[in-house]
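Here's what TrEMBL has on this protein:
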- L117, G121, H122, L123: (6S)-5,6,7,8-tetrahydrofolate binding site (BINDING)
- 6-395: domain 'Serine hydroxymethyltransferase-like' (DOMAIN)
- K226: N6-(pyridoxal phosphate)lysine (MOD_RES)
- H225: site 'Plays an important role in substrate specificity' (SITE)
Amino acid sequence: MQQLTIQDPDITKLIGAELNRQRQGLEMIPSENFTSLAVMEALGSVLTNKYSEGYPGKRYYGGNEFIDQIEELCRTRAKKLFGVEHANVQPYSGSPANQAVYFALLEPGDMVLGMALAQGGHLTHGYKLNFSGRFYRSVSYGVEKENERLDYDVVREIAKKEKPKLIVCGATAYPRVIDFAAFRSIADEVGAYLLADISHITGLVLSGDHQSPVPYADIVTTTTHKTLRGPRGAMILVPHSADRLHDRYHQSTKRDLAGLVDAAIIPGLQGGPHNHQTAAIGVSLKEAAEPSFADYGHQIVKNAKALAESLTEAGLTLVTGGTDNHLLLVNLGNTKLSGKVAETLLDEVGITVNKNMIPFDPRKPMDPSGIRLGTPALTTRGFTEDDMRIVGKTIAAMLQCPDDESVKAEARKTIRSLTEAHPLYPEL
Ligand SMILES: *Cc1c(COP(=O)(O)O)cnc(C)c1O
């Protein structure tokens with residue numbers, strides 16, 4: 001960062017401090033990851049200078065010869081990798097991508113059925129203060145009290161009663177697999193569109209560690225910066241041709257889903273695409289097509305299971321008793337800590353997690369009863385099961401003896417040795 005160092009020492013210093021924080025800590029927020037340097041080079045390129053409202057071959061600005069090729073390459077890679085007929089790679093991030101799907105399929109006031117925020121869903125799945133709950137009528141499904149898992153018969157009953165026009169499946173804090181086939185059959189039964197928002201698990205879908213929604217959903221959205229390990233951004237994938245939809249919904253006029261999605265992004269919601277982001281997404285899709293990406297996906301799940309085991313052995317309670325994917329939720333009920341206190345405590349020694357509601361949480365969202373932990377970022381650093389067991393023991397000791405300075409000192413030592421054994425961005 002030669003120029004930046006000369007021109008803006010303040011920002012340079014803060015970026016350096018953030019790099020050190022990332023290097024010296026254990027990043028365990030399940031929605032975070034470390035991109036490759038190649039992804040960051042594409043992000044930091046001259047592509048940020050260019051305006052290109054529209055789509056390849058149909059722009060409102062001149063000079064897009066190379067931008068067109070970049071976006072086309074990115075779209076082609078996405079279509080091939082996910083096995084879908086259409087991909088829109090322009091959404092600025094995950095929330096705008098979902099907004100575009102609502103805009104494409106619904107009229108204001110139409111009904112949406114999504115997973116409740118307090119039970120693992122996302123803000124954009126119908127939360128009352130979000131656009132999705134303000135411009136649309138939203139109803140929600142959640143997990144069952146006895147096993148903290150989705151019960152598809154219950155979801156079906158809610159759908160039959162409420163008759164939503166769109167059903168959203170996918171989650172931000174659900175440690176178990178999602179049965180997209182079951183959601184498809186529910187959507188068919190009530191004549192609803194099915195949106196699968198796989199933001200959190202895209203990397204696992206690509207590695208074969210989670211069922212793919214592509215055969216089942218009408219539209220798939222995903223962020224690109226979580227398990228996919230690309231830059232911040234999102235994609236909207238349209239699996240199937242308009243004809244199949246035409247049959248399914250008995251539409252009198254044929255709805256071209258791909259066209260509706262593209263029109264929802266621009267002119268519906270966005271102006272110029274972020275071309276540097278598009279190129280970086282393209283780079284991450286190329287990385288995700290390499291065989292080593294599947295190993296990374298398998299390792300994420302193995303690491304999460306090893307972490308779950310060590311936390312459970314140490315006496316902590318996990319929501320649903322464990323995990324099938326990249327994340328787990330600790331129910332702090334049998335410690336003396338709230339989620340907020342636990343987050344701060346772990347932060348003190350360099351373990352970054354986030355406080356999180358647990359299902360049927362008696363506490364408030366800003367200070368809930370749980371924390372959420374994930375393994376994608378540590379897996380990218382090269383952590384394996386043995387490391388995760390050490391991490392699990394360390395976290396458990398911290399949570400169980402929050403006032404013990406010797407436990408904190410020991411935790412700091414452990415974290416130093418783990419992070420030194422798995423250096424982050426050694427080239428920088
Ligand atoms: C992260 C996430 C989003 C939103 O992504 P942003 O890029 O933060 O807007 C949407 N849906 C789900 C399920 C997510 O996990």
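Using the three backbone atoms N, Cα and C, a Cβ is placed for every residue, glycine included.
Each residue contributes its Cα atom, and for L123 ((6S)-5,6,7,8-tetrahydrofolate binding site) and the residue listed as 'N6-(pyridoxal phosphate)lysine' these two points are 17 Å apart. With respect to their backbone Cα atoms, G121 ((6S)-5,6,7,8-tetrahydrofolate binding site) and H225 (site 'Plays an important role in substrate specificity') stand 18 Å from each other. Within 8 Å of the Cβ centroid of the (6S)-5,6,7,8-tetrahydrofolate site, not counting the listed residues L117, G121, H122, L123, the chain contributes G114, M115, A116, T124, H125, G126, Y127, N130, T172. Straight-line distance linking the Cα atoms of H225 (site 'Plays an important role in substrate specificity') and H122 ((6S)-5,6,7,8-tetrahydrofolate binding site), rounded to a whole number, equals 16 Å. The number of other CB atoms found within 10 A of the CB of K226 (N6-(pyridoxal phosphate)lysine), across every protein chain shown, is 26.
Comparing the binding-site residues L117, L123 on other C-beta atoms within 10 angstroms of each C-beta gives the minimum for L123. Cα to Cα, L117 ((6S)-5,6,7,8-tetrahydrofolate binding site) and K226 (N6-(pyridoxal phosphate)lysine) are separated by 19 Å. Along the domain 'Serine hydroxymethyltransferase-like' (6-395), the predicted structure has mean pLDDT 95.
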